[in-house]
Amino acid sequence: MPRLRATAIIPLLLLAASAGCSAPGANDDDAKSGSGPIKIALVDAQSGQLSSLGAWELKGARLAVDEWNAAGGVNGRQIQLDVFDDQGDPTTGTTLARKIDSEGHIAMIGTAESAVTIAMAPILKQAEIPNITSGQSPGLVAAGSEFLFLNGPTSTTYDETLAKYIVDKQGLKSIAMITNNGSYGKGEHDAFLKALSSRNVVPVADQVVTTDQKDFSAVLTGIRQKNPQVIFVGAEEVESGLIVKQARDLGITVPFAGAAPQGTPVFLDTAGAKNAEKTIVSSPYLSNDVSDASKKFAAAYKAKYNEDAELHGAKAYDGTQILLTALKSSNVATGKALADAIRGTKYQGLLGDFAYDQTGVGIFATSIGTIQNGKLVAVTG
Amino acid sequence: MRTRLLLAAGAVAAWLLPYGLDSYAIHVVDVILIFAILAIGLGLAMGIAGQVNLAQVAVFGVGAYVTAILTTRAGLGFWVAAVLAVLATVVIGLVIGVPALRVQSHYLGIVTLGLALAFTSWVTNAQASGGAEGISGIPVPELPGVDLSSEYLYYYLELIVFAILLAFGLFVVRTSLGRRMRAMRDDALAAGSLGAEVPVLRMAAFLLASVYGGLGGVLYAGLIRYVAPESFNIANMFLLLGMVIIGGRQSLVGCVVGAVGLALVREALVDHPQIAQIAYGSVVVLVVVFAPTGLAGLPVRVRSAVARRRGRQGAAARLKPFQPYDPEPSRRDGETILQVDRVTKQFRGLKALDDVSLTVAAGEIRGVVGPNGSGKTTLFNVISGLYKPTRGRVRFRDADRTGDAPYRLARAGLSRTFQNLRLFGDLTVEENILVARDRSRTWESWRYLLRPISVLRRDRELHRHARDVLDRYGLAEFAALAPKSLPYGIQRRVEIARAVAAGPALLLLDEPAAGLNGEEVRQLAEIVRSIRDSGITVIIIEHNMGLVMTLCERVTVLAGGRIIADGTPAEVARTPAVIEAYLGDSMTAGDLPPISEVTR
C-alpha cells in the first residue's frame with residue numbers, strides 16, 4: 001500500500017536516530033605523507049563554455065611542472081599534477097575542494113572562474129590548502145582567505161591602469177563605453193566606471209549589449225552621435241572584434257580601448273588588423289616578445305604544444321612557478337606554512353615582479369600597449 | 001509487507017550512511033540530495049502534470065539567492081530567510097506558470113527556458129545579487145544542539161526534508177490531485193470535459209515544482225553558503241532534465257534514482273574530463289533510445305518481456321455482463337434540459353453550423369444523425385464548451401452556458417464521450433473512472449498540507465465508488481490494466497462508464513457504436529437505455545441507423561450544418577429532404593462504415 005509506505009518513513013527515521021547517537025565524521029586525519037610524489041591539483045573547466053580557458057591554464061601549469069620535474073623535482077620528489085574538471089560550476093567546485101582535500105593534494109592551481117574559486121575558498125581555507133587562482137575578480141580578495149593567492153592583478157588594476165593612461169596621460173575625457181551583460185563584461189563595466197568617476201569623468205555613452213549579440217549597429221550609431229575621443233570595450237575576444245569591425249564600417253575612426261581580450265590574436269583576426277589599429281590595451285602580458293623570459297617561455301610553449309602562448313597560459317605558468325618555488329624554499333611544507341612561504345616568495349615572472357601582500361594579490365600593475373601595424377606594442381614611458 | 005521491509009532497510013541504510021563516508025563523499029551526497037529534491041519537483045511538473053518546465057533551475061536560484069540576500073544584507077536569521085525564500089519561490093513559480101495557461105509542450109519549454117536565461121542574466125547584472133561575484137558569507141543555519149556547519153549533520157537535515165518531500169510527492173501523485181494532473185497530461189481536453197479545472201491544475205503543478213525548487217535552493221544556500229550566477233545556469237538545467245529523463249519522469253522514485261545515478265556518473269568522471277562529456281552524453285542518449293520510460297520503467301518492461309517469452313500466464317481478464325441500473329422513479333421527464341438557440345459556428349470560410357436550434361427534454365434519448373461533415377461533432381463541441389459558437393446561445397439546466405469552459409459545464413452536470421476515444425492512456429482503467437468520479441475542487445488542495453487524513457478518507461471513498469462503477473459495467477477484471485492494452489469494444493465501454501461515473505444529468509455520446517460488432521452494439525443499446533432509466537438524458541451521434549431507429553425517441557438530422565428534420569424516427573425517415581440528403585441509400589445499407597471525422 002503506497003500510503004503506508006509514505007507514512008512509515010518518519011517513525012523509522014526516529015528509531016534509527018535513537019540507535020545511532022554519536023555524530024559521524026568526527027575523525028579528520030590528513031593523509032599528507034612525507035614521501036612519494038608531491039600531489040598538486042589543477043582545477044579548471046575542462047568541459048563546457050569555459051573549457052578553452054581551462055585548456056590554456058592546464059598547458060601553462062603543465063609546462064612549469066614538467067620543467068621542474070625534468071630538473072629533478074622539489075627536494076628530489078617528483079611533482080604530480082592531477083587535473084580536475086569543475087565545468088565552470090561553483091557547486092562542482094565545492095565538491096572538488098573536498099575531493100582534493102580527501103585525496104591529499106597539498107596545493108591547488110586554478111580556477112580561471114572567479115565564482116568557482118570563491119565558492120571553494122572557505123573549504124580550502126578550512127582544509128588549509130593554498131590555492132593560486134587565475135581569477136581576477138575583486139571578490140577573491142573580499143573572500144578574505146589567507147590561503148588564496150592570485151596569479152595576476154585584479155580586474156580593477158587593468159581598468160585603473162587603463163583609465164590612468166587614457167585620462168591622466170592622454171588627456172582624453174570624452175569616453176564612450178560599450179560592455180556586455182555577462183560576468184566579464186559586467187565586471188569591466190563597474191571597474192572602469194569606478195576608475196573614471198574617481199577622476200571626475202562621466203562617460204558620454206554607457207551602452208550594454210548581450211553576450212551573444214552579433215549586430216551592434218544600433219548602439220554604435222548612438223555612440224557615433226556622441227562623438228567620443230575613445231571607446232572602451234568590455235567584452236570577450238570575438239565580441240570585441242565584431243564591435244570594432246562594425247564600428248569601422250559605420251565610419252567611427254576613434255581608437256578603442258580595453259583589457260586583455262583586445263590584445264589577443266583572436267581579437268585581431270575578428271576585427272581585422274587594419275580596423276584594430278591604435279587599440280589601447282591594458283594587460284600584464286602584452287605579448288610573447290616583451291622580455292627575454294617571455295621569449296623563452298613562448299618558445300618552450302610552442303615546442304611543447306605547437307601553438308602560440310598567450311596570457312592565460314603565462315599566468316598559470318607564473319602561478320605554478322611561484323608555488324613550486326615556495327615548496328622548495330619551505331622544504332615541502334604544507335598548510336599554513338606553505339601559504340606563508342608563498343606569501344614570502346618574491347618572484348620575477350612573465351607578468352612582472354610578484355610580491356604578495358596580505359590580500360593574496362602579488363602584482364599591482366599592468367602594462368599599456370597599442371596595436372600598431374597589426375602587432376601589440378608596449379607603450380614606453 | 002515486502003515494500004515496508006525494503007523501506008525500513010532503506011531508511012536505516014540512509015541513516016547509517018555517513019558513518020562510512022569521508023568528508024568528500026558526504027559533500028557529494030549532500031549535493032546529490034539537493035538535486036534529488038529539485039528532480040522530484042521537476043518530475044511533478046513535467047512527468048506528472050506534463051508541463052515542460054525548464055525554469056526549475058531559476059526557481060532553485062531564487063530560493064538560494066533570496067536566502068543569501070536576506071541573511072547577508074538584511075541580517076535576518078537563516079530560518080526566517082528560508083521561509084521568506086520559499087514564499088518568494090511560490091510567487092515566482094506562479095509567474096513562470098502563467099504562460100502555461102496559453103501555450104503547451106515545446107512552446108512552453110521555450111518560454112520557461114527564456115525565463116531561466118533571464119534570471120541568470122538578471123543576477124549577473126543586479127546590484128542586490130552581487131553581480132558575477134555572487135554572495136558569499138551566508139551564515140550557517142542554526143539548530144539548537146546541532147552544529148550544521150558539519151556536513152555530516154547537515155546530511156541528516158537534508159535527509160529529513162528529502163524524505164518528507166518525497167513522501168508528500170508520492171502522496172499527491174497517488175491521490176486526487178496527482179491523478180487529475182496525470183489525466184491532464186495524457187489528454188487535457190478529455191480531462192477538462194470530465195471536470196478537471198485545467199488552468200488551476202497547471203498552476204498547481206508549477207506551484208508544487210517551485211516549492212520543491214525553493215526548498216532545494218534554501219538547502220543549497222545553507223550547504224554551500226555561497227551563491228553565484230553560474231550555479232544556476234542552463235547547463236545545470238539540462239543536467240536536471242537529464243536526471244528526470246534518465247530516472248523516468250513519470251515516477252518520482254525514478255527521478256530520485258536518476259538524480260543519484262547521474263550525479264554519481266558525473267562524480268566518477270571528474271578525474272577523466274576528456275571523456276566525461278562523451279560518456280555523460282552517451283548515457284542520456286542510450287537511456288532515451290533503449291529505455292524511453294527511464295530507469296523507473298525498466299522493471300515493468302523486463303517483467304512484461306519475461307511474461308511474453310513464457311506465454312501468457314493465468315486467465316486473461318474477461319468482460320462481465322452489464323448490470324442495469326435500478327430505474328429512478330422520481331424522474332422529472334419532460335422539462336427542457338438543453339436548449340440550443342440559433343447557434344452558428346464558423347471556421348474561417350466554412351460554416352460548420354448554420355443557425356441550429358435544438359431543444360432536448362429531460363429523460364429523452366435523442367439521436368443526432370447526418371452525413372459525414374454535416375456538423376454533428378461540432379454541435380457536441382459547442383454544447384460541451386470545447387468551441388465557442390460564433391453566434392447563438394446554449395442553455396443548459398436553465399442557465400446560459402454559452403462559451404463556458406468545458407470543466408465548468410462538466411461540473412454543471414454535462415458529460416461526454418469522444419468519437420475517437422480519449423481515454424487517459426497512462427492511467428489504469430480504474431484511475432480513468434476515478435478521475436471522472438472525483439468532483440472535488442482543485443483549490444481545495446490545501447487539505448494536502450493541513451488535513452491529509454481527510455484527503456485519504458475521501459480517496460478511499462472514491463475508490464469504493466469506482467469499484468461499484470466497474471462492477472456494474474462488468475469491467476472489474478480490467479481495473480488495473482492500461483486502457484491501451486484492451487480490445488476496442490472494451491475501451492468504448494470504459495469511456496461510457498467513465499462519462500457516467502462523473503454523475504451527469506446530460507450525457508453526450510459521440511458515435512459510441514463505431515467499430516463495435518453486432519453483439520456489442522446490442523449490449524450498447526441495453527446500456528444506454530439503462531443509463532436513461534437511471535435519470536440521465538442522453539444525446540447520441542450515430543451512423544448505425546438500426547441502432548438510432550430502435551434506441552432514440554427523437555432524431556435530429558443535420559446536413560451541411562443545418563437541421564433538415566426533427567421528429568420521431570418514423571417521421572424523420574419519411575421526410576423527403578432526409579431521404580435525399582442522407583438516408584436514400586444508407587437505409588438499406590443499414591450500417592455505414594465509420595469514417596473518422598476530425599474532432600477539432
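Just so you know, the numbers here start at 1 and follow the chain as drawn.
Using N, Cα and C of the backbone, Cβ positions are placed for all residues, glycine too.
Annotated features in TrEMBL:
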TRANSMEM  B:26-45  transmembrane segment
TRANSMEM  B:52-70  transmembrane segment
TRANSMEM  B:76-98  transmembrane segment
TRANSMEM  B:105-123  transmembrane segment
TRANSMEM  B:153-173  transmembrane segment
TRANSMEM  B:204-228  transmembrane segment
TRANSMEM  B:234-265  transmembrane segment
TRANSMEM  B:277-300  transmembrane segment
DOMAIN    B:338-585  domain 'ABC transporter'
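The recorded stretches the transmembrane segment (B:153-173) and the transmembrane segment (B:234-265) share 3+ CB pairs below 8 A when only pairs 6 or more apart in sequence are counted, and are therefore in contact.
In this chain, the transmembrane segment (B:234-265) touches the transmembrane segment (B:26-45); three or more CB pairs sit within less than 8 A of each other, excluding pairs fewer than 6 residues apart. When each of B:76-98, B:105-123, B:234-265, B:277-300 is checked for Cβ pairs under 8 Å to the transmembrane segment (B:204-228), B:76-98 comes out on top. Looking just at the domain 'ABC transporter' (B:338-585), the mean pLDDT is 89. The transmembrane segment (B:105-123) shares more Cβ pairs under 8 Å with B:234-265 than with any other stretch in the list B:76-98, B:234-265, B:277-300. Packing against the transmembrane segment (B:277-300) from elsewhere in the chain are residues 242, 245-251, 253-255, 257-258, 261-262, 265-266, 269: each is 6 or more residues past its ends and has a CB under 8 Å from a CB in it. Sequence-distant contacts of the transmembrane segment (B:234-265) (same chain, at least 6 residues past either end, Cβ-Cβ under 8 Å): 28, 31-32, 35-36, 38-40, 42-44, 46-48, 54-57, 113, 116-117, 120, 166, 169-170, 173, 182, 279-280, 283-284, 287-288, 291, 293-297, 426.
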